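Written below as C-alpha cells is the structure these notes are about.
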C-alpha cells in the first residue's frame, strides 16, 4: 500500500490552442479582408446595374443610419427582427433550431389585432398594450410550442416543423384578413380592421421612435440576464451542450426543451404585436416581409448571444432600409440590398468556418 | 502445416511498439501470417489487437519495431499504401456507402477503374469473384438494402478485388448469426486455399477452434502466446492466456467478505429486461441483488449488457419487463432525478460523450452535480470551487483547477473530475463503469482505494470493468453477463479465472 501515500501526479495541460492556431492579428486580418471583399463584390454587382460603385455605400449609410430620421426607421424596423432573433437564441441554447420566427411573428400579429378588436374603443392605453402583448405572446408560444411538443414526444425535427408552420401561419393571416376582419369593400387594398389609435404605441418624446424600441432593448437585456444568471438558463445550456449528460443528471430534458420553445415563440409573438402596435396598425398581406428569416440569420451571425444578436439584427434592418435610398438616388432596385445580405451571410459562414472559436 | 511449406511469411511483425501518450497499446509485439492460413488474433478488450492491425493497415504508425511484407521491410504510411502492398481490412463498422450499389462501391475503391464507369464490365468482374469465393451478393443492389451478412460479403469482395493477399477481419462474426458465421468460415477456407493469409480478430474460443490454423494471444499490449497451433492447447489454457494468470497485488481487501453477504439489499432486480434503441434486448431477464457495503463486479465482453444495467440502475433506461425494487433507497420515484436525490450516482462508461457539457467549466459541472444530487433547483456555480476543493482534497485524485473548461481536458483528467465527485458523494449506490480506464497507475491505485472506502462506508458499489484483475481484486462477488443474461455469479475470493473467462465468452453452460 506504500504507493498510495504518494499523490498521483497532477497533470497540467495547457489551454487548447485556438482552432486555427494563428496569432490574433492574422485572424483579424483575414476577417477584415473577407468583409472588404464582400463589399467589393457588391459594388461590382451594383456597377453592372448602372449604379456608381463609389457612391452607393455613402448612399446606403445615409439612408439607414447616418440620417436621424432614417436611423429611427431602421430601429423601428429592427424591433420584430430582434425579438424573432431572440426566439431563435433561446431554443438554440437548448440545442434546438427554431426556423419558425416568421410564423410566430404572424401569429403574434394576428392575436394582437384579435385582442385589440375585442377590446375595441372601450380599452386603450397601457392596459390595452399589456393585453395585446400578452395575447400575442401566448399565440406565438402556442405556435412554437406545438413544434416543441412534436419534438419531445414524437422526435419530429423542430427545424422542419417550425419551417412548415410558417406557411400555415401565412395562410391563417390571409384568411382572417379576407374573411374575418376585412376592412372596407372588395375594391380597397386588402387589410384587416385596424387597432384604435389608443391601442397604438405612442412615439417617444416627439420622435418617430415608439415605445417599442426601448422595450426591445429591455427584452434583450432580460434574455441575456436570464441565460447568464438564472438556473433556468443554466439548465438550458446543459441540455443543449450535452442532452445525455443532462438526462443522466436527472434534469427534465423534455420539459426544458419544450420550455425553450415556448419562451422563444412568445418573444417572436411579442415582436409581431409590437410591429402591429408600433408600425402597421392593422394586418395586411405580406406585412412581415420575411422578418422571421432575417431574424434566423441574425441569430446565427450573433452566435446565439443576445447582444451580438441585437447588433446583427439592427445591421440587417439597416441594410434592408438602405434599399430605399439605393432606389431613389442610384436607380437600383430596392431589392438589390438582398444581394448584399446574401453576401454577408456567405462571408460570415466562410469566416466562422475558418476561424472557428476565434471570437467566442 | 510445417514452416517448410511457406519459407517467406506474407507478413511478419517484430518488436512492434505503439504508444498513445503514456499508454503503451502495443509493447514489443511479435506476429506472423503465412500464405494459406487463418491466424486467430485473440485477447480481451484493450489487449492491443485493434492497435496492432491498425498499424498493419497504415492507420497508426508504430513507434518501434519492424513490419516485413513478403520478405521486405516496409513502413506502411497509409491505408492506400497498405492496399498497394496487398493488405486489406474489413472493419467492424463497415465502410460501404449506403446510397450506392454494390458494384459502385467496389469500383470506387479499385485503382484501375476507368474514368467513365463501365457498369457491365464491373458487374461481371464482381459476379465472377463472388462465384469463385462463394460470396453471394447482387452487384446491382443498393448497399442500404442489404442484410448485415450481405453487407459484409460485399465488403469482403471489395477488399479482395482490390488485390488483398493479407486479409484482416476485425471481429467479423460479432454481427452475424451462427449460420452466417459458418458461411463466412467456408469463404475463408476457399480464400486460404487460394493462398490468402487471413488475420481474424476473435473473442470466442469456439470460433477459433473452428477456423484458425494458428493463434497469437495479446494481453495488456504484449504477446503472451505467439504463433501457436490452437489444437495443442485446451480451452482453459487459451482463456488463461487471454485473461491472465496472476492477480496483481493491488488493493486487496483486508477481511473476508462473508460478513456482508446478507447485508441489506439496496436494489433488487427480478427478470429485468431492457431494450436497446435498435430494438434488441440489451438486458434479458436479469435477477440481481445489490447489497449495501459490498462491491458487485460485473464482467463480460463488451456489449453484453453492462451499459443497459447501468442505465437501468440510474433510471435512464426503462424496464421492458420484470421488476426493480429499491428497498434500500428512500426514493420518491424512479426517475433519474429521484434516484439521484436518493443517493444513486454513476461514473459513466464514456465521460467524454455522456458527461462533459460543451463549453462549461469544472465549476459548472460541480454545480450541476451538487444541485441534482441534493434535489435543489438552484445551481451554485460560485460556491462550486470551494466545494470541489474540499472533495478534491478528500479524494486525492488531484483534479484540474475548477475554472478550467472540462471539454478542453484530456480523457484522464475528465475521469479524475468525475471520480472525485462520485466517490466523495457518500452515496447509497455507486455505479462505476470502467472507472480506471485511461488513468495512470497511481491514480488507478487511488481510485481502487476510494472504491473500497465507499464500500466500507456501507455504500453499495457496482463495478463494471473489462479488467479481470481489477474486478477480482475489488469485488466481493462477480456477476458475468453474456448476451444480456446472467451467465453466472462467482465469489471473487478464490475465483476460478478459467471458468470466469469461459462464462464471459461462451455464456452459461
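Including glycine, each Cβ sits where the backbone N, Cα and C put it.
Residues or ranges marked as transmembrane segment by TrEMBL: A:28-51 (among others).
For the transmembrane segment (A:71-92), the list of distant contacts is 64-65, 98-99, 101-102, 104-105, 140, 144, 148, 158, 207-210, 212-213, 216, 219-220, 223, 227, 236, 240, 257, 260-261, 263-265, 267-268, 270-272, 274-275, 278-279, 288, 291-292, 294-296, 298-300, 302, 304-306, 309-310, 312-314, 316-318, 320-321: same-chain residues at least six beyond its ends, Cβ to Cβ under 8 Å. The transmembrane segment annotation in TrEMBL covers A:71-92 (among others).
Annotation comment: TrEMBL describes A:104-123 (among others) as transmembrane segment. Outside the transmembrane segment (A:104-123) by six or more residues, the chain places 80, 83-84, 87, 131-140, 142-144, 166, 169-170, 172-173, 176, 181, 192-193, 195-196, 198-199, 264-265, 268-273, 275-277, 280, 282-283, 287-288, 291-292 with a CB less than 8 A from a CB of the stretch.
Long-range Cβ contacts of the transmembrane segment (A:129-150) within its own chain (Cβ-Cβ under 8 Å, at least 6 residues beyond either end) map to 87, 91, 96, 98, 100, 103-105, 107-112, 114-116, 119, 123, 156, 158, 161-162, 165, 169, 195, 199, 201, 257-258, 260-274, 276-277. For A:129-150 (among others), the entry in TrEMBL reads transmembrane segment.
Positions annotated as transmembrane segment by TrEMBL: A:162-181 (among others). Same-chain residues lying 6 or more positions outside the transmembrane segment (A:162-181) and placing a CB less than 8 Å from one of its CB atoms are 97-100, 102-104, 106-107, 109-110, 113-114, 117, 143-144, 146-147, 190-193, 283-285, 292.
Per TrEMBL, the feature transmembrane segment maps to A:201-227 (among others). Using a Cβ-Cβ cut-off under 8 Å and counting only residues 6 or more beyond its ends in the same chain, the transmembrane segment (A:201-227) has close neighbours at 69, 72-73, 75-76, 78-79, 82-83, 86, 89-90, 93, 129, 233, 236-237, 267, 270, 274-275, 277-279, 305-307, 309-310.
The transmembrane segment annotation in TrEMBL covers A:256-276 (among others). Counting same-chain residues at least six beyond the ends of the transmembrane segment (A:256-276), those with a Cβ under 8 angstroms from any Cβ of the stretch are 79-84, 86-91, 93-96, 98, 100-101, 104-113, 116, 132-133, 135-145, 147-149, 151-152, 158, 195, 201, 212, 215-216, 219, 223, 232, 235-236, 239, 246, 282-283, 287-288, 291-292, 295.
For the transmembrane segment (A:332-351), the residues of the chain that approach it from at least six positions outside its boundaries are 30-31, 34-35, 37-38, 41-42, 45-46, 49-51, 56, 60, 294, 297, 300-301, 316, 319-320, 322-324, 326, judged by C-beta separation under 8 angstroms. The feature transmembrane segment is assigned by TrEMBL to A:332-351 (among others).
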